[in-house]
Amino acid sequence: MKKKIQVILKNNALNQKQTGEIINVSPGYAFNYLIPNGMAEIATKNHMKHYTMFSKIQKKKQEAASIINQRAQNKIDKISKITIYKKIGSNKLIFGSIKEKDIINWINQYANLNIDKKQIKIANINKISMHNISIELQNNIITTVKLCILPYSI
């Protein structure tokens, strides 16, 4: 039986193996393919200690991010509808159109959330009416909110 060596994976390149996972491979595979391509390191005590510390830090970051996402989800769920006032012309079309920036300003003002432009999915809106918009939080959590566009009375 040939001797196997332990390596620590640096990325998820191998079949369903996770970053930081220790696997046993043949020395030729490790030294000729995995290590030169930056996919693995030899499993020494220092490397194993480094990856355990790294995994603990990653878990803490993920837990903190999930808490922040849950709070943002709760704040967005409390929003029943977003009302934006715009000037209109004679044919009930608004001047310009509704952009993500308008929605972000409303959410920042009333819900005190910092949402990126890329997280909001809206269609081309240029009429006075009700629309559904989707807001995508991290971890693929998507919520829909009603957008009500009303005429601005002068």
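In case you wondered, yes, glycine gets a Cβ from its N, Cα and C as well.
Remember, TrEMBL labels are computer predictions, not curated facts.
These come from TrEMBL:
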| type | residues | note |
| --- | --- | --- |
| DOMAIN | 5-51 | domain 'Ribosomal protein L9' |
| DOMAIN | 72-149 | domain 'Large ribosomal subunit protein bL9 C-terminal' |
Legend entry - Within the predicted model, mean pLDDT of the domain 'Ribosomal protein L9' (5-51): 87
Legend entry - Summary of DSSP states over the domain 'Large ribosomal subunit protein bL9 C-terminal' (72-149), given as helix, strand and coil counts: 24 helix, 35 strand, 19 coil
Inset, instruction - List the helix, strand and coil residue totals of the domain 'Ribosomal protein L9' (5-51) as derived from DSSP. - result: 15 helix, 12 strand, 20 coil
